[in-house]
Structure formats: structure tokens, C-alpha cells
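Q: Following this message is one structure expressed as C-alpha cells.
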Amino acid sequence: MVDGCDASILVASTPRKTSERDADINHSLPGDAFDVITRIKTAVELKCPNVVSCSDILVGATRSLVTMVGGPRINVKFGRKDSLVSDMNRVEGKLARPNMTMDHIISIFESSGLTVQEMVALVGAHTIGFSHCKEFASRIFNKSDQNGPVEMNPKYAAELRKLCANYTKDEEMSAFNDVFTPGKFDNMYYKNLKHGYGLLQSDHAIAFDNRTRSLVDLYAENETAFFDAFAKAMEKVSEKNVKTGKLGEVRRRCDQYNDYKG
């Protein structure tokens, strides 16, 4: 969503430049995921040096992960180069935040050339993974009704309050996006939304907004339709603003540019 599929998120900050990776919204990205990419890059470089970009590794790893946890096969192409720029200041406004209005979220996706239908399909990635408590704390703690937000299942809200009780002291506290099948890529995320088990405010909004509700209903009822839509949308995203020629490079290390002097 920030300048295309070019591995700019992998670049580490330096004393002179703060990269995308250290933008506030990206702090939730797990460190072990960066480690996985580093290990893949090291193995690839030993076999085939200076050929496979970090961008292509990200795309291939994502495709493999989705398939491994039960999701659809995503058709991807290779040949990308890695970005020559990674700037924290380019992030804000390019990524949707949980507390944004649906109008704002839709406009962000549309500015990247993605339709409402593609947005709803891509958000289905919340069928796996987790969110830190700070991303949804206002939903469970700042409501006048202490039985929980009216749009959230009361028992679910109560359990989340227990889980996140110390989130201000322990910023790593988090909850699964899909409370029922968190490690399986399926359409349970959409089913959850219809019964008050949406974790983020944006999850709830997408289930009831007139522009998106019918798509949520469709994907909740028809997993094949969701899988097809998700795979096509991911393929489109993976080909957005691809860097070729002198617009990029094949990094030797994914966390730094080739001309980095230390």
C-alpha cells in the first residue's frame, strides 16, 4: 500500500533515516516474520546470489503461507526489484487504521486502485494473525455499558477485558483476529462479524456498512467465493507499482540497501 510491492517495509532505520518499519502503525509487525525473510534470503543468496529480490521473496512466502494454513493458491509472478527508498513519512494515510470511518478506509483502498469488493476480500486475511490490545482497547474499555459494546458479543468483550487488563504496561498483549480458528485460513472471520465477534472497530463497520455488508454476507456463506476473490485481489496487489530496471535493485540484504556504508 506504500509505494507498491517493493520490500520497502524490510529496510532497517539508520541514524540518518527512519524507515517505514519504524512508523507507528508498523510496530505491530512481528519480529519473527522479519527473521523468516532473513533466513530465506540467506539460503537463496547461497544458491543463487544477486538474482532473487526481497520483494519476490515476500510474495513467494506469502503465497506459501496462505496455502499451508488452508487458503487458496495465489498465482504470482516474479521479477520485481527492491525499493531504493523507505521513509517513515510516506506511511501515514496509506494504511487503514481500525478507528477510521468506512468512508476513509474505502478512500485509502480506492487511491491504491482497489475496489470495495477487493477491499472486503483482502480484509479477510484477518482470518489468521493477531492484533495488539491497543488497537481495540477503546472498544472494550471506554464504553458506558460495562457489559461490553453493543455491537460486540458481551462474553467476548468480557474475555478481552481480562486478556488486555495490563495492556498499557505490556504493549505486546494481543488477541487473535479470529477467536475460533486463528491458525486456519477460512471464511470464519466473516461468520464471526455477523455474530458480534469482530475484534476491531473497522471489522464491525465492514459488516454493517451498506456498501460492504452484502459482500460480508456472501463470503460468510460461500468460502469458495471468498477464496477466489482473495486470490485475485492479492495477485493484483502483488503487481502494484513493481520496480524494474534502474528503479530498483536486488538487495544483498533485505534490511539495507546495497550502497549502505554503515
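Glycine too: its Cβ is placed from the backbone N, Cα and C atoms.
The domain 'Plant heme peroxidase family profile' annotation in TrEMBL covers 1-258. According to TrEMBL, the feature Ca(2+) 1 binding site maps to Val2, Gly4, Asp6, Ser8, Glu20. The disulfide bond feature in TrEMBL is assigned to Cys54-Cys254, Cys133-Cys164. Per TrEMBL, the feature heme b binding site maps to His126. Per TrEMBL, the feature Ca(2+) 2 binding site maps to Thr127, Asp178, Thr181, Asp186.
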Q: So how many other Cβ atoms are close to Asp178 (Ca(2+) 2 binding site), meaning within 10 Å of its Cβ?
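A: Total other Cβ atoms inside 10 Å, all chains included: 26.
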Q: Reported as an integer number of Å, what is the Cα distance between Thr181 (Ca(2+) 2 binding site) and the residue listed as 'heme b binding site'?
A: 11
Q: Ten-angstrom check, please: count other Cβ atoms within 10 Å of the Cβ of Ser8 (Ca(2+) 1 binding site), all chains counted.
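A: If we count other Cβ atoms within 10 Å of Ser8 (Ca(2+) 1 binding site), we arrive at 24.
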Q: In angstrom units, rounded to an integer, how far apart are the Cα atoms of Glu20 (Ca(2+) 1 binding site) and Cys254 (disulfide bond)?
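A: Rounded to the nearest whole number, the Cα-Cα distance is 13 Å.
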Q: Note the mean pLDDT of the domain 'Plant heme peroxidase family profile' (1-258), expressed as a whole number.
A: 93
Q: Cα distance, Cys133 (disulfide bond) to Gly4 (Ca(2+) 1 binding site), nearest Å?
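A: Just about 28 Å between their Cα atoms.
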Q: Near Ser8 (Ca(2+) 1 binding site), which of the recorded positions Cys54, Cys164, Asp178, Cys254 can be found within 10 Å, Cα to Cα?
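A: Close recorded positions: Cys54, Cys254.
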Q: Looking at the recorded positions listed here (Val2, Cys164, Asp178, Cys254), whose Cα lies nearest to that of the residue listed as 'heme b binding site'?
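A: Closest recorded candidate to the residue listed as 'heme b binding site' by Cα: Asp178.
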Q: Of the recorded positions Thr127, Cys133, Cys164, Asp186, Cys254, which one has its Cα closest to the Cα of Val2 (Ca(2+) 1 binding site)?
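A: Considering only the listed recorded positions, the nearest one is Cys254.
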Q: What is the interatomic distance between the Cα atoms of Cys54 (disulfide bond) and Asp6 (Ca(2+) 1 binding site), given in whole Å?
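A: Between the alpha carbons of Cys54 (disulfide bond) and Asp6 (Ca(2+) 1 binding site) there are 8 Å.
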Q: Going along the chain, which residues six or more apart from Asp186 (Ca(2+) 2 binding site) have their CB under 8 A from its CB?
A: Gly70, Gly71, Thr127, Glu223
Q: In sequence order, which residues at least six apart in the same chain have a CB under 8 Å from the CB of Cys164 (disulfide bond)?
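A: Correct list: Cys133, Ala137, Ile140, Phe141, Met173, Ala175.
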Q: Taking only the Cα atoms, work out how far Asp6 (Ca(2+) 1 binding site) lies from Asp178 (Ca(2+) 2 binding site), in Å, as a whole number.
A: 29
Q: Expressed to the nearest Å, what is the distance separating Asp178 (Ca(2+) 2 binding site) and Cys254 (disulfide bond) at their Cα atoms?
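A: About 31 Å separates the two Cα atoms.
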